[in-house]
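**Student:** Straight from TrEMBL, here's the annotation block:
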| type | residues | note |
| --- | --- | --- |
| DOMAIN | A:90-283 | domain 'ABC transmembrane type-1' |
| TRANSMEM | A:29-50 | transmembrane segment |
| TRANSMEM | A:94-113 | transmembrane segment |
| TRANSMEM | A:125-149 | transmembrane segment |
| TRANSMEM | A:161-181 | transmembrane segment |
| TRANSMEM | A:202-224 | transmembrane segment |
| TRANSMEM | A:261-283 | transmembrane segment |
Amino acid sequence: MQQTEAIASSPTQHLPLSQRAPFRAVQRALFYLMMVALALIFAGPLLWMLSTSLKTDPQVYTVPPIWIPNPIRLVNYPEALSSRPFEIYTYNTLRYALGAVAGALISNTLVAYGFARIRWPGRDIFFIICLSTMMIPFQVRMIPLYLTFKNLGWLNTYLPLIVPTFLGVNAYYTFLLRQFFLTIPSELSDAARVDGCTELGILIRIILPLAKPALAVIGLIQFMFAWDNYIGPLIYLNSEALYPIALGLQQFRTMFQEELMWPYMMAASTAATAPVIILYFFVQRTFVEGISITGLKG
Amino acid sequence: MSQQWTPAQTRSLLKGLAFISPWLVGFAGFVLYPIAASAYYSLTRYDVLRPARFIGLENYVELFVKDETFRTVLGNTVYLVVVGVPAGLVAAFLLASLLNRKMKLRPLFRTIFFLPVLVPAVASAEVWRWVYNTNYGVINSVIKSWGWAVIPFISSMELAKPSLILIHVWAQGTAIVIFLAALQDVPSSLMDAAEVDGANALQRFWHVTVPICTPAILFVMLTGMIGMFQYFTLGWLLTQGGPNESTEFFSLYLYRNAFQFFKMGYASAQAWILFIIILAFTLLIFRSSARWVYYAGESD
């Protein structure tokens, strides 16, 4: 009785309901409950993919669904991946993705330097034109590009997917790098200029070493884009020997048909997804920082 | 006002142009020329085998007057943008706000909400085809075990578009990261002041947090809108435009016309209509943004 009185007269009594201790504890518990539920929903499809990829056939077709396969059938992976030349798809993807990464890094470094570190008449107008190209849908350029590449004899090669990256066509990367270059104090370049350093020398010796994080972000985004890109390879490549994973996965699908071989299909999908996720874990911090530099102060 | 043109300026101009020269070449060859060419092709009949034949505005007339599929396609695409973009944006903002609170295991939660955006579109299509499967997909399997009627997600005309939008809402990692960065800029002094003034959590969220994040919201809305008008891969792989044209979106129909029916002129006209629609929406959002976007640094 006395205790109740003590609590009743305690100072918390005067606080609004939402700030009293028991209420807050309940609130926190509900909050965590909601977070866990949301996390399970968001991770659900990926867990379902992984789970199915390790199942034996009868376990795939059960109602209600089984989440933890028993037995775990690891052999689904080699069986699925060897039914099509998955290693060639991977090699093709890497070949074209790395080419595109090199192109994006080299061209956008030069272009962004021209937009950020040299003052020249007309610069701002050119930069605005460059930025406004982000609004142009790919579909408007798609048909003439296809016809041009066809006339050049570039169809069924990786050139249509790589050459444009060497010409700084992606304004998003230019913008990102320019923003980063602007944050580097101009005194550094001025001092080098006084010492007789050329602009290219300043770019290579002073700016590039400082810009490594931004370059990493662009390289990574370009790599992931190339890994993910479907419509580009779909239009430009028609021989299976050149297919990247994006097109290769469809080959698996036509092979495994609907309904019949879900564990194989999910094994192939997991194999296509895993490298990107593993890469993400290695460079997570850089990646998240990079996305946040671009979207802000706009 | 007019400045003296000095040799130093000429030198700096040449230097600047030299550095941006890759882009100048790329812009001329891979942006400007294709745009001009597609404008020309849109006025022609062109099947690649025979030379393009000028037919004036006939393609446009056919699209707007005769082509009933095109009307459906327009409706489908506008639905996707008008429902899908806000749905993704609201989901991303709410998730980011939740992640912005102090909590245990925050990096883990952040990673889980971010992961879906990393899944390649082709893999994502297969995973969701399986998740949405009417007989043994994870959702319908549970529903069946309760003895309820299954949900025909992507195989029904009514649910196909919402099902695709749900996948879009699932993969909001990029927007979440952008919003998280913006939320960190919300000054705690402002939140405290609002609390002292008796604003409850919901009021603080709506009147302090949201306004401060409006520049980021504008950015996500614009890029989301431009991207959504070009929606292709998931629709192409998962529903192929069906059932009964209910997911035939702009880019799918355009691709079909160009690369399956080889109607390059007709497809170019569609591309230009898409371009103009995107420009109009961009302008609309920019115009309206003066009224709802708040810039903290704005004093003049």
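Placement of Cβ uses the backbone N, Cα and C atoms for every residue, glycine included.
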**Student:** When only pairs 6 or more apart in sequence are counted, do the transmembrane segment (A:202-224) and the transmembrane segment (A:94-113) reach 3 or more Cβ pairs under 8 Å?
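**Tutor:** Taking Cβ pairs at least 6 residues apart, the transmembrane segment (A:94-113) and the transmembrane segment (A:202-224) are in contact, with 3 or more under 8 Å.
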**Student:** Hey, which of A:29-50, A:94-113, A:125-149, A:261-283 has the most Cβ-Cβ pairs under 8 Å against the transmembrane segment (A:161-181)?
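**Tutor:** Result: A:94-113.
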**Student:** The transmembrane segment (A:125-149) and the transmembrane segment (A:29-50): do they have three or more Cβ pairs under 8 Å, with pairs 6 or more apart in sequence?
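**Tutor:** By the criterion, they do not touch.
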**Student:** Determine which residues of the chain contact the transmembrane segment (A:261-283) at the Cβ level, with the cut-off under 8 Å and only residues 6 or more beyond its ends counted.
**Tutor:** 46, 49-50, 52-57, 60, 73, 76-77, 79-81, 83-84, 86, 90, 216, 220, 223-224, 227-228, 245, 249, 252-253
**Student:** Quick test of the contact rule: Cβ under 8 Å, at least six residues beyond the ends. What residues does that give for the transmembrane segment (A:125-149)?
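**Tutor:** Contacts with the transmembrane segment (A:125-149): 111, 115, 155, 159-160, 169, 171-172, 174-175, 178, 231, 235-236.
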**Student:** Same chain, outside the transmembrane segment (A:94-113) by at least 6, Cβ under 8 Å from its Cβ: which residues?
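**Tutor:** Counting only partners 6 or more residues beyond its ends, the transmembrane segment (A:94-113) has Cβ contacts under 8 Å with 130, 158, 161-168, 170, 173-174, 177-178, 180-181, 199, 203, 207-208, 211, 215, 218-219, 222-223, 225-227, 244.
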